[in-house]
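Report on the structure given below.
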Amino acid sequence: VCDETNEQKLFKIASELLQTEKAYVARLNLLDQVFCAKLMEEANKGTFPVDVVKNIFSNIVSIHTFHSQFLLPDLEKRMGEWESTPRIGDILQKLTPFLKMYAEYVKNFEKAMELLKLWTDRSPQFKAIIQDIQSQEACGCLTLQHHMLEPVQRENLKKLMEIYEMLGEEEDIVNPSNEFIKEGHILKLAARNTSAMERYLFLFNNMLLYCVPKFSLGGTKYTVRTRIGIDGMKVLETTNADYPHTFQVSGKERMLELQASSEQDKAGWIKAFQETIEIFQQKNESFKNALKDVEEVSVSSWGKRAPCWIRDNQVTLCMKCKEPFNALTRRRHHCRACGYVVCWKCSDNKVALEYDGNKMNKVCRDCFSILTGESIVEGKKKGILEIEAAQFTGSSIMCGFLQYCEKNKPWQKVWCVIPEKECLVLYLYGAPQDVKAQCTIPLLGYSVDDSARPTDPPVSFRLSQSKSIHNFAAETEELKQRWLKVIRVAVRGEMPDCSETNGGNANTMDNNNTQEAGTDSS
C-alpha cells in the first residue's frame with residue numbers, strides 16, 4: 001500500500017509538471033509566434049528597425065523550439081509509458097546543456113525592457129501592435145513585459161545561471177537541489193604573512209564556494225578555489241588586534257580566517273552561515289533518527305524476509321549518498337532488501353529476492369553488493385563538461401579538428417564532437433584525449449553563415465544567436481561543407497544522419513589531423 005501511494009504521488013507530480021509545461025509552451029508560442037512575428041512583419045516594412053525586434057526577443061525562438069519540440073514531447077512520451085518507466089528525473093538531467101539558452105535570455109532581459117519602453121514611446125505603430133495583441137483573449141489580460149518575465153523566472157534558474165556564468169561555466173551548480181543563500185566580497189587572512197587577500201564567497205544550502213577574482217574582458221569572473229560542504233561546518237567569531245571584523249569558517253575540506261568590510265557585514269555573514277548550518281543539521285538529524293528506527297536484521301537474512309520500511313517523511317536525504325531529495329530529479333525509493341529510503345541512482349540495481357518468490361526487485365547498491373558479491377564502482381559525479389572526448393568520439397555523428405574563435409579572442413585549434421546521444425550539442429575539446437570539454441554549444445536555433453569575410457581565415461563559417469557568435473574554420477572546403485551539412489540540420493532541431501558523414505570522422509580527408517587524432521577517431 002505504501003509503495004502504491006508513493007507511485008501515485010510521483011505520477012501526480014509528473015502529471016502536474018506536464019500540464020505546467022503545456023501551459024508554458026503556449027505562452028512561449030505567444031511570445032515567439034505572435035508578439036515577435038507580428039512586430040517583425042511590421043519591421044520588415046521599414047516602420048522601425050528589424051534589429052530592435054531581434055534585440056528585444058533575444059533567443060526566444062530557440063527556447064520555444066526547445067520546449068515545444070523536445071522537452072514537452074519527451075514528457076508526453078514518458079507519461080504514455082509510465083507503467084514501465086515511472087520517473088522523470090532522467091529526462092530533466094539530459095537537458096542540462098540546453099539551460100545555457102536561458103543564460104543568453106537572462107543577460108539580455110534588462111536591455112530588452114529598456115528597448116521595449118523606448119520604442120513603445122517612440123513608434124505609434126509599434127505600440128499599436130503590442131496593445132492589439134495584449135487585448136486578445138490568448139494574452140490573458142497580461143502585458144508583454146509580464147509574459148517576457150516568465151522565462152527569467154522559469155525553474156528558479158535566474159540566479160544559478162548568473163553564478164554559473166560568473167564561474168566561467170565550469171562549475172556544475174545548476175541543479176534543483178541547490179538553493180542560493182548569499183554572496184559577497186571578503187578578505188582572507190594569510191597564516192604566513194600580514195597581508196589580506198581579496199576573495200569572493202557564494203553560499204548555498206549545501207556548500208560554500210570559496211573563490212578568487214580573475215581578470216576578464218567580459219565582466220567579473222571568479223575561479224573556485226575550494227568547495228566546502230555544509231555538513232560538519234562551523235562558524236566562529238574571532239578577535240584579531242591587527243584586523244577588525246574577523247570570523248572563522250571551518251569545514252571538512254578547509255579552514256578559512258576571513259575579514260568582513262564592517263561589523264554589520266560580519267554579522268550578516270555569521271547569521272547566514274549559522275542559519276544554513278542549522279537547517280542542514282535539522283535535515284541530517286531526521287536522517288539519523290530514521291536509521292535508529294530500522295529494525296535490526298542480520299545481513300544473512302537480507303532478501304530472505306521482508307524488511308521494515310523507513311517512512312518517507314522520516315528522511316530528507318538519500319540514506320546512501322546523502323544527497324537531498326527533491327520533487328523532480330531526486331525522489332524517494334525504497335530498497336526492497338533493507339528498507340532504506342534512497343534516491344533512484346542509489347537504487348538502480350535489481351536482484352532476485354527469496355521472500356518475494358525470487359522475483360527481481362530494486363535494491364540499494366550496498367544490498368546489491370552483499371546479495372550478488374559484485375562490487376559497484378562509483379565515480380565522481382561528472383558535470384556537463386566532464387565527459388571524455390574519446391568517449392564521445394567513438395560514437396559521434398561528426399568529429400574532427402577545427403580552428404575556433406569566440407568574440408575577439410585568438411584563434412585556436414580545437415577537437416569538435418557532435419555525439420550521437422546529444423546530436424544537437426557541439427562539444428569543444430583542446431585535444432582528442434581530453435577528459436573535459438572547454439565549452440559546449442547547444443546548436444538549436446543558431447544561425448549559420450558561411451559567407452567569406454576578409455578578416456577571417458579561408459574556409460570559415462559562423463554560428464550566431466542573439467549576441468553569441470562562434471567562428472570556425474576548416475582545413476579544406478570539403479571538410480567545411482561536411483560540418484555545415486550536419487550543423488544546418490541540428491540548428492533546426494532535427495536528427496543528423498550518421499551515414500551521411502562517412503562514419504563521423506571529419507578528418508578522414510586530412511592526413512595530418514587524422515594522425516593527431518590517432519585511434520580515437522571513429
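Cβ coordinates are placed from backbone N, Cα and C, and glycine is handled just like the others.
Listed ranges 130-157, 270-297, 298-325; the one TrEMBL annotates as coiled coil is 270-297. The stretch from 9-154, 179-278, 395-492 with the most CB pairs below 8 A to the domain 'FYVE-type' (312-372) is 9-154.
Residue counts for the domain 'PH' (395-492) under DSSP, split into helix (H, G, I), strand (E, B) and coil, are 14 helix, 43 strand, 41 coil.
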